[in-house]
Amino acid sequence: MTPWLGLVVLLGSWSLGKWGAEACTCSPSHPQDAFCNSDIVIRAKVVGKKLVKEGPFGTLVYTIKQMKMYRGFTKMPHVQYIHTEASESLCGLKLEVNKYQYLLTGRVYDGKMYTGLCNFVERWDQLTLSQRKGLNYRYHLGCNCKIKSCYYLPCFVTSKNECLWTDMLSNFGYPGYQSKHYACIRQKGGYCSWYRGWAPPDKSIINATDP
């Protein structure tokens with residue numbers, strides 16, 4: 001099993017429809033979960049790519065210009081290359097060269113960063129203001145909370161460290177309001193709840209407004 005094939009099994013996030021392939025199936029994930037479960041989270045621009053003979057269909061190696069790192073300082077403080085399967089059927093990721101800045105998440109294997117369609121990858125200009133704030137501060141605060149997916153009603157939280165994620169009900173499995181605007185953060189009393197605001201939560205917050 002190649003490092004990326006193992007990554008497909010370990011990680012699930014949004015499948016990017018415009019890049020996806022029928023054989024690549026990914027479990028939906030809130031961006032906070034994608035952040036907390038990734039070794040590396042960076043903002044970067046792709047400046048080059050090449051195909052190398054690695055894996056059954058080859059591996060695409062993107063050369064990037066790292067703009068900012070949000071997670072992974074101890075794993076790999078500066079990322080110059082990212083690796084992904086060349087085949088979209090194996091969840092390989094297609095990125096534009098010298099065009100956009102991207103938010104990239106991934107895992108580190110043997111000193112290399114791997115990513116793909118089952119990781120949270122999005123154009124920076126497509127992220128909401130709340131998602132950008134989450135990357136800078138809020139998502140990290142919620143890594144000890146658990147975001148519980150709700151696919152069918154009824155569904156309930158079963159512990160105080162859970163937030164109920166209902167985007168799959170209201171948005172047919174695609175990123176919805178909670179994904180775009182909320183973070184699950186531990187509040188006063190040890191309970192985790194959805195939080196949306198323009199400043200980090202403080203001791204005066206007991207329970208943030210749920211979506």
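Placed from the backbone N, Cα and C atoms, the Cβ positions cover glycine too.
The signal peptide annotation in TrEMBL covers 1-20. Residues or ranges marked as disulfide bond by TrEMBL: CYS24-CYS91, CYS26-CYS118, CYS36-CYS143, CYS145-CYS192, CYS150-CYS155, CYS163-CYS184. Among the features that TrEMBL reports, Zn(2+) binding site is placed at CYS24. Positions annotated as domain 'NTR' by TrEMBL: 24-143.
Where TrEMBL records a feature, it is marked here on the structure.
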residue: CYS143; record: disulfide bond; Cβ contacts under 8 Å, 6 or more apart: GLN32, PHE35, CYS36
residue: CYS150; record: disulfide bond; Cβ contacts under 8 Å, 6 or more apart: LEU164, TRP165, THR166, MET168, LEU169
residue: CYS155; record: disulfide bond; Cβ contacts under 8 Å, 6 or more apart: LYS148, LEU164, THR166
residue: CYS163; record: disulfide bond; Cβ contacts under 8 Å, 6 or more apart: CYS145, LYS146, ILE147, LYS148, VAL157, CYS184, CYS192, SER193, TRP194
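Sorting the disulfide-bonded residues CYS36, CYS184, CYS192 by the number of other Cβ atoms within 10 Å puts CYS184 first. All protein chains shown were included, and the count of other CB atoms within 10 Å of the CB of CYS145 (disulfide bond) stands at 23. The Cβ of CYS26 (disulfide bond) has 18 neighbouring Cβ atoms from other residues within 10 Å, across all protein chains displayed.
Fewest Cβ neighbours within 10 Å among the disulfide-bonded residues CYS24, CYS91, CYS118: this applies to CYS24. Rounded to the nearest whole angstrom, the C-alpha distance between CYS118 (disulfide bond) and CYS24 (disulfide bond) is 8.
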